[in-house]
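Okay, structure first, notes after.
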C-alpha cells in the first residue's frame, strides 16, 4: 500500500504531483486535458504500462478506451493479438480463438474480446505476451478482493476462471453516475483546501505555501511515517522519504515479538487483515472539515402508525423522553396536510448552552444509539429513531402520506358500500310501509288560511311517527330550496312554497332520493313527498303564482357560425358602451353646468326679494304673538272652574304653509292655582316650600300665612312689569279696559283673604286636582284588622267633633262597669305604651337588618332566649332569618366578588337591585351572543370529530368522551335556598343544551341497597344514589362530581337523560328551559310514592305547584 503526499510544481501551475512513500513511481494530474499518466519502474517481466483514458458521454459506458501492452523482449510461437473493449454486462468474459472464458461479476470490469492477428501484418498496437498460458486481469469483486493470475487456454476447449482469493459470487448493482453533491455551499467553499469540482481549481491555491516554508525541518522530498520499536514499544516515527526504495505491503511486514523468551520465535504482523468494513471514528467538525456539518436533528416515527393507541400519546411525553439526552432547541409533530390526521412523525433538534455543534451532534448521536440498542417504547408504543440525514424526514413523510391516502380511499369505498346497502335496506322497508303513505289531495281546513292556496309538499304523520323524524331535519336538508314555511300538523308535515315551479323542482330532485336517519329503525330512510297543488274552481279566483325572487328563464340563443356570434357580442358591447357614455355625460357635464347656472349669486335680485319677504313674515308673527298676550285673572274661587271649563266654541285658525311648518309645539295648559307652586329664579324669596309631591305642595299652600300671600302678589306684580317691558305698546282703550279688570280682581282677593284668615288653616280649601282628606286614613279602618287597641282609639279622636261621635256610640256613664284599679290605671296605660314602643323599635331593627320580621314561634313565652334549650328549627322557619332561604325563585348570586361598596344598608342594596333589573336589556343581548358563540364553537368541534371519524373509519371511545366534556357548561355549588347545598349555573344556558354529567361509582343493585343501609346507620344524611336501570346504580356519595349537589324541585329547570357512550350508559343533565346566570339548577327526583306516612319526605322547593312530598 502506498501513501501519497501532495506538493506543487512551480513550473506548471495547473499540475499537482503525488509521490508514493516507497519511491517507485510518481503520479501526474492535469486538469485541463483530463489525462492521467503513470510512469512506473520496469518490473520483473520488463513491461511498461501506459494508460490513457478519455471519458465520453452516453449512459455510463466507456468509449474510445484502449489498453495496450508492449513488451521489451520478444518470444516466438506465441499468438499475438489485440484487446478491444465491448459493452458492459453482468458476466464478463474473454474470447480467445473461439474459446470463452467467464469471469466473476464485478462493477468495474470490462468485457474483452481477443482476435489473433496474422504474423505478416504489422500492427503497432499488437500484443505479444511473454507467457503463453497466463495473464493478469486486474479488478475487484463485490467484497473488495483482488483477482490473481488467470490461465488463458490456447485451444477451443472452454474453462471457467476462478479467483484465487475469493470464491464467492454476489449480485452487485452498477456504480451510480458521479454527481456534484455539495455545490455552491458557503460552508464548504470557505474551507482552506476546498477543490472546486466544476471549475477544477483549488479555490485557495494562492494562499497555500510549501511545507518547507512553514516548517524548515521538514524534508523537501517529503516524509513517510514508519513504525519502529523504541524501548520495547512500537511507535510511529516521521522520516525522510527515499524515492529509490521499493514500496512494501504493510500487511506482509512483521514486527518482532517483545514478550518472553519462550514466545520470541512467534512473529506478529503490524495489523490484522480486516474481513469486513469497520466504522471510522467520529471526527470533530471544525472550519477545516469537508462536507456538511453533522446532523443535530433526530427523526422519531412510530413503527405502526395505524395503531389506535397512538392517539393517546401526547406530544409532551415524546418530548420529555428525548430531553434526557440533551437540551432541546426545537420539537415539531407533523400531520397530513390534506386530511389533518396525525402521521405520528416527530422532529427533535438538540442544542447546547456552549453553542458548539459537536456537543449537539453528540447528543443526537447518543439518542439514536440508545434507541437502537434498546427499543424506544413510550407509553406502550414502539418508535424508530434515525438521524435526519439526506432528507430522511421528507422521505418518511411522503411514504406515510401515500399510505394514509390509500387507507382513506379504502375507507371511502367501504362507506359507499355501506351506504348502498343501507339504501337497499331502506328500500325494502319502504316497500313494507307502502300502506303508510296515502296521498292527500287537499290541505286541512285549519291550515288553509295559513297556506293561502299555495303549493305544498306533504309527508304523512304515520310515516313520521314510525320513522322518528322531526321537522327541524327537513329544515336543514331543504335549506337550499326556496321554502316559504314549514308547518307541523296532526296529519303530518307541510312544506309551503310561494311558487309552483319551486315546489315541483324540489319534488323532482328530492322525492325518493332524500335520505334521513331514522331514530326508530337506526338506518337511513328515503323520503317520498306528495305534491299538493293549489286548487282552482269557477267560484274561486284563478290561482296565480306568488311573484318570487327567482329570475325568469332566459332562452338560449344558438348561432350558426362564428361571425354571427361576434356580431351579436359586438352589438351588446356597443349598447352597454352607449348607456355608460350617456350616464357619464349627465354626471360630468350636464349636471355641473346646470348647478353652476342656478347658483344664488347669479340672481342677486331674487335673493334680496326673498330676504325682504322673510323679514315681513317675522314682523307679522311677532305682532300676532304680542296681541295674543293678555292679562290673566287670579281668583281663588275660580280655581276648579278654570280647570274644568272649556271654551264653548273652537275658533278656527287658518295658517299659511310657512306658518304651519314653523308652528311651535303648544304648552300644556295649567290652572291658575299651580302658579302658586312655581318658583321663579329671579325672585329672591319664595312664599311656598318646594316639595316633590304636588299634593303636598298644595296642602302647604293652603296653610301659608297672609304675609306670604302678600309677598306672592308682589312677585306677580313684578313679573307683570317685566312682561310689559318686552311686550308691544297697546292702545289707550285696551289699557283702560285691562286696568279696570285688575282693580276689581285686587279688591275681590283682599276681601277673600280677610274671610279666610278667620278659619283654621287645616280646613282651608286646597288647590288640587282631586279632593284631599284633612287627616290621613287610620290603619284600623282596614278590613283585615279585627281588633282595635287603646292607642288606635286615641289616635282616632282628632277634634271635638270626633269626641261627640264617640260619646254617641258608647253607652251612658252610669251603665259603664269599671274594675278596681287601685289607682294604677294610668300606670298600666303607660306600661302598655312603653312595651308597644319597644316592640315597634325591635320590629324596625329586624326590618332594617333582615328585611323581614322573625317568626313569633321562635321565641318562647316568658323565657329569655339565652335560657331556652337547644331545639331543632324547621326548614320553614329558617326563611325568616336566612336570606338565601327566601330567594327560592330568584337567581342567587353565589359567586362572591370583593367590593367595598356592597358594605351598606339593605335599603341601598334593594335600590341597586331594582336599577340592575331595569338595565338588563343590553346584558341579555350580551348573554345571547355569548351563548350563540358557544353553540357555534360546539358545532365546529362536532364537525371536526365527524371528519376525523370519516377519515379513520373507526369510532373510538376517546372521541366520544372528548365530545361530552366539550359540551358541558360551567357550573358551581353553593348554599341552596331549598336544602343544604345546591348546583348553580355560572353563565346563561339555553333550553335543550347539555349542562353536566352525573359522575360516580358504578355498582350493582344489591351493593347499592347495602350501602344505603350503611349510610343511614353511619348518620350520612344525604345519599347520592342514581339508578340507571334495574341492575346498575351510580353512587356519587364518596366518589363523584359536583352534579350530585343538584336539588329536587316540582317545577324543575333540568332533566336527567341516560345516553350511551362507548357502549356504556351515562347520566347527563339537560336544560328544560332557558336558565339565567347564577340560577339554581333543579330536576325532578321522581321517587316512588310511599304508602307509609312516616317514611314520606317533605318537599322544600316552594314552587307554586309543589306536591308537598318527595315520595
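Glycine too: its Cβ is placed from the backbone N, Cα and C atoms.
Note that the structure is predicted; figures quoted are calculated from it, not measured.
Annotated by Swiss-Prot as motif 'RxxxRR motif', the relevant range among 935-940, 941-946, 947-952 is 935-940. Per Swiss-Prot, the stretch carrying the note region 'Disordered' among 891-937, 985-1031, 1032-1078 is 891-937. The feature region 'Disordered', as given by Swiss-Prot for the ranges 234-272, 273-311, 312-350, sits at 234-272. Its own atom aside, the Cβ of residue 1085 (S-adenosyl-L-methionine binding site) has 17 Cβ atoms within 10 angstroms in the protein chains shown.
Secondary structure by DSSP for the domain 'SET' (969-1086): 18 helix, 50 strand, 50 coil. Mean pLDDT, taken over the motif 'RxxxRR motif' (935-940), works out to 76 on the 0 to 100 scale. For the motif 'RxxxRR motif' (935-940), the DSSP counts in helix, strand and coil order read 6 helix, 0 strand, 0 coil.
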